[in-house]
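Following: one structure in structure tokens, then a few remarks.
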Amino acid sequence: MARPPLPKLTEHGVTVVFEAENPTIDILFVHGFTGHPERTWTLELPREQSLPLRKRPAPSSSDVGPPPSKVSRIFTSHSQRPAGLDTHSPQPPPEPHSVYWPYDLVPDTIPNSRVLTYGYDTNIRSRFGSTPVSKKSVGDHGWDLLCTLADNRRDAPSRPLVFVAHSLGGLLSKVALIKASEHGQLQSQAHLRSIPQSTVGVLFFGTPHQGADPFNTTHRVLKSLAGLGVQYNDSVVQTLLQRGDYLKSIQDSFVILSKHRRWTIFSFQEEFEDRLLGKKVVEDESSCIGDPELETKRHIGKDHRDMVRFSGDSDPEYQKVAHALRSIYDHVQVPSGPHLQRSDITEDNVPSNNGPLPANVPTIDSAQALTKRQELMGLLDFDEIGARLLSLKAPHNKTCTWFLENEKYRQWLDLRNVDDHHGFLWIKGKPGSGKSILMKFLEERTRLSAAKDPNHLFASFFFYAPGKPLEKSTLGLYRSLLWQLLRNATDLQRVLDEFDFNAWRVTKRAGWQNEALKRTIERAIDYLGDRDFSVFIDALDECRDDDVADMVSFFEDLGERAAEKSIRLRICFSSRHYPLIELRCGSEIILEDQDEHSEDIARYISSKLRLSKSKQAQNFGNELLTKSAGVFLWVALVIPMLNKANAGGRVDQLQKCLSTIPMGLDNLFDMILARDDEDMDELRFCIQLILFAIRPVALTEYFFALHRAGDNDLHGSWAANEVDSDVMGRFALSSSKGLAEVTKTRKKGKDPTVQFIHESVRDFFFSESGRRRLWPSFNHGEFTGFGHDALKLRCLGEVEAYQSRGSQASTGSAQDLIQMWPFLRYATDNILLHSNQAQQYGVSQDGFLLQFSGHQEDWVKLYNAFEKFKSRHYSDKVDIIYILAEHGLNNLLQIHPRLSTNLSIHGGRYFLPLAAAALLKHKATARVLVASLSPDPGFAAGIEDCVTELSRGRNDKLASMKDFSNLLLELNHIPLMEHCKVVRFQTLEGHSYWVRSVAFSPDGQTLASASADKTVRLWDTATGAFRKTLEGHSHSVQSVAFSPDGQTLASASNDVIVRLWDAATGAFRQTLEGHSDWVQSVAFSPDGQTLASASADNTVRLWDAATGAFRQMLEGHSDCVWSVAFSPDGQTLASASADKTVRLWDTATGAFRQTLEGHSDWVQSVAFSPDGQTLASASADKTVRLWDTATGAFRQTLEGHSNWVRSVAFSPDGQTLASASDDNTVRLWDAATGAFRQTLEGHSDWVQSVAFSPDGQTLASASDDNTVRLWDAATGAFRQPFEMQSLSFSGNC
């Protein structure tokens, strides 16, 4: 069928130059700097060499190129034809004889293709021409490319796609793919996601991934041209300069994304120098990704400009390109058949590319700012924002409205008076006078006003002393105010863009800190423009005095600065009459001194007191008002008493009752407690629970805590749904004698909490008179200590009651446990914390530690059941000293009889109690642990400096025992190092890329590691010393294996060969060739006579290990074979494949025996147990499966990894199974039961391989973080690192 004529090409945008009847792949060509969608890819032939390919339409004026400047000839791919600046010849040029290979060659190479070109403007122009030079950045051009391409592919968005890009076009293509992945996560731009999902390959031609041509050449030429009246896009030129941060961000993003999507990448590099420059335009170091796993590099025998021009399909340089295109197309999975329709191709037809964007992909341009903003906004938010405001009762009808007419308030609103008050108003009043209710009223009025006027912004914060840390700290205040402001005025989020990378990184790791918050609030207010911003901050007296002083000073500076800049800022504080801080400038209102406030109280009395209207009743109301002394809370508590005493509305009876009620809140509370002596033990525990709870207790927790632990009747009623929130709420009121209330919640379904009716109740019980009313013999310290001890005992009782019923925490989910035992979660989480506090305040816990040891195993089960992160789970045998250290319970540690042995205690995720305390910043606990190690004064010297360093932020580097020991050495604390029995090993540099495989020699003395840097390295396992490098492979080395006699080492590589080496000398012996694609795995048979190799050519090959002779090919897998393993008796060979199956073969005959199916993704690794009865398989479906090798029956799935599982290995005794994963961890499992034992953490990138030493004492792991790590196989303790040069990439191909 004749090919249709070439359509007229669009200079800017997408043109379809060829389309098969039923295309199965799109191929997009993107030109470079000052390039053209046609001329870039066209080779002009001399007439005698021209080929009768097709007639080309005459070019328009837009086709005429820029002047043949030096820079144009260097960067562009234009054919050089005479032309004036921004002019064209009056006569069209003669019909060219040329090869335009996107049209002339590609359709023959890939017949079922649709070929597109994309053009954009980066041309050099005359300053005097009519067309201005484009000022778009590389990011802008990349976004234009993405949107235009997505629009063009809407009819077939999932058709496989290949990018062919020259020079700058490669950068644009990368930007487009990255932006598509980022913006595709947004619902409004979800259609963009199809671009990276359907992309299957990229061909780069001379792309300057790290920049092109040094500044001294290109920029000097461009500046010279500028002086001659030539304009150019300096933004793009600057991007092309080497080593820029922007190019690095693109590179990092693209590498990670490429690995995730598994694109096939070819990087074609210019072979010859540019004649004008005398050097290559893009040096080889810059024209490649630099990742041997991701790309195939080939040179094109031309210079930078001509490397994308070919004379025909027999051109040897084009044949390299044709091979690349065919290899990509051959791997594309598309429906077969002559009548393929576009709708036949769906996202499911491209399984190797689909999946969510990995979380660690860096972002660029506006998407980078958007992501950074979202992350920083997320770090501002916390659950309790607005919780205190919600829990406050609404103002009584017709109260508080007077404040709107208060002269000082109106002056505060009128910013014309800002010089008088700097936007400050401070409302002060007695405890319980109604300040918080008034602030809630003002906040709600402002909220309504802001809803009508977008130029009116507001934020509020109500300090709450009984609440969580962020509810009573200035850190919570600043976070809340900034979050509210930026949420309501999203344009102000641009202040977050001012965070440089280091500030963003620190904040992301350590969270927002006060100084950063204050600076950001200042910057946001600077950008308010004509909008006004009102801030309400209530209950300053419920925050630490020192913090309040600093906070007030900050807001004073802020107000003064706003006044100077005419920024419309208002700040309203409320507090008791302390803290004693005088404003430099501002207004102050004393609430109880306002006549209108007394009128509000009178209005409340008239509404709530049940009295007929009479002169006598009016006088009584006035007396009640006078006695209240302006304290609203006093009236609210007294009126119910009066109403209860009311006898038929007789005022004289009420008068007698009122005379018995004292003035002042403290006296009133005392009277409430003294009214009766019913259920006093219940009242005492109620007060202790609310006063000393580690966190506010939920209503259900409170209800169950005040009942006897394990009350069968109560649990029965609860299970039968006979107890509801109303019942529990009335119980909270009665048990506290009206001093406690139930809060409201802003989250539907969230259990409300129980709190005192006012903070003054808490103050009362901490006063001597209040304490002595219920605990007459306690001083302050004893009161606190015995309060925590009482809560500890109640927690212990709950744990004992749960266990006495024969319950098993492991059998139910955390939610099930909470549902049936509402107080059990609190008891489990806080029993040790209460004990620690009791010890601190002088209540001995020696007996409790002994008692707890009998319940520790049960407690661990409960703790693990409630802890959602498995990495934080404890083993059954965890030592109590480690638990106390990890939780920072230094008071209990000090009295533990085995404290001085803490360095011999292992088993937690931080290896040592001391490391746990240091890493988690428990400074006092770390000090206790260190000081316990020796009474020697010389040892104690320097402890304080050591602990300070460990706890003051240096610990962010302590990710392992090696880091810990290095720090001790740096601090020169030699005695502590000797106690730790740690040795600082030399850092071994050598591998410069990822470590893919590890193997121990049969005698256990040598460890071999295989790397993507094309080498194998040998190490002394006893000392960690580097012995030898084995070089010879031309691509990544994927696997190593020792022969059973230890004399031979085999290595498998992506260069499609296996190499055999003398294990003792490292001498190269032999090459085994035959595979046609990457060799992924090698394994020796137990008798050492046979070597098996697995390949991406879908086959396994068997070789004579002694002679290297090829024996047999095992075929059957339909996709890459990733791993092979021999059974211990040598009779069976197992192979794991990307076709999601494991196959078992007879090693003697090569006969296929059985297929093991069950995994839902690639099977990456297989291993036999030492007794040969079990086979383990690891898969990209994040699981390990165990199989019966005799029958092939599936036994069990081991789940827990959160990413691909890459490798599995059995310990020599067969009791332990190790698995390595892309979640950067190694997991240990009980091989018999499949039970999870332990997570080994420390690697910072994917873990590719695990291997046990022959004696079973050491486990080695290899990772893409360029390290090999050795672990104690029994305890999981990290022994020593084999550290290589760091690299910022991660992943597999």
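Glycine too: its Cβ is placed from the backbone N, Cα and C atoms.
TrEMBL lists 399-576 with the feature domain 'Nephrocystin 3-like N-terminal'.
Annotated domain 'EML-like second beta-propeller' per TrEMBL: 1121-1277, in sequence order. Averaged across the domain 'EML-like second beta-propeller' (1121-1277), pLDDT in this predicted model comes to 92.
Under the heading region 'Disordered', TrEMBL lists 44-74 (among others).
Residues annotated as region 'Disordered' in TrEMBL: 80-99 (among others).
Residue counts for the repeat 'WD' (988-1029) under DSSP (helix as H, G, I; strand as E, B; rest coil) come to 0 helix, 22 strand, 20 coil. Annotation source TrEMBL lists repeat 'WD' at 988-1029 (among others).
Taken from TrEMBL, the feature repeat 'WD' applies to 1030-1071 (among others).
Summarising the annotation, TrEMBL assigns repeat 'WD' to 1072-1113 (among others).
The feature repeat 'WD' is assigned by TrEMBL to 1114-1155 (among others). For the repeat 'WD' (1114-1155), the DSSP-based tally of helix, strand and coil residues reads 0 helix, 24 strand, 18 coil.
Sequence-distant contacts of the repeat 'WD' (1156-1197) (same chain, six or more residues past either end, CB-CB distance under 8 Å): 1119-1120, 1122-1129, 1132, 1134-1138, 1140-1144, 1203-1210, 1212-1214, 1217, 1219-1221, 1229, 1231, 1234. What TrEMBL records for 1156-1197 (among others) is repeat 'WD'.
Residues or ranges marked as repeat 'WD' by TrEMBL: 1198-1239 (among others). With a threshold of 8 Å between CB atoms, the same-chain residues lying at least 6 positions outside the repeat 'WD' (1198-1239) that come near it are 870-871, 875, 909, 1161-1162, 1164-1171, 1174, 1176-1180, 1182-1186, 1245-1252, 1254-1256, 1259, 1261-1263, 1265, 1271, 1273, 1276, 1291-1292.
Summarising the annotation, TrEMBL assigns repeat 'WD' to 1240-1281 (among others).
In terms of DSSP helix, strand and coil, the repeat 'WD' (1156-1197) has 0 helix, 24 strand, 18 coil. Among residues of the same chain six or more beyond the repeat 'WD' (988-1029), those with a C-beta under 8 A of the stretch's C-beta atoms are 292-293, 1035-1042, 1044-1046, 1049, 1051-1053, 1061, 1063, 1066, 1245-1246, 1248-1255, 1258, 1260-1268, 1270, 1280, 1282-1285, 1287, 1289. Residue counts of the repeat 'WD' (1198-1239) by helix, strand and coil are 0 helix, 24 strand, 18 coil (DSSP-based). Here the repeat 'WD' (1240-1281) is broken down by DSSP into helix, strand and coil counts: 0 helix, 24 strand, 18 coil.
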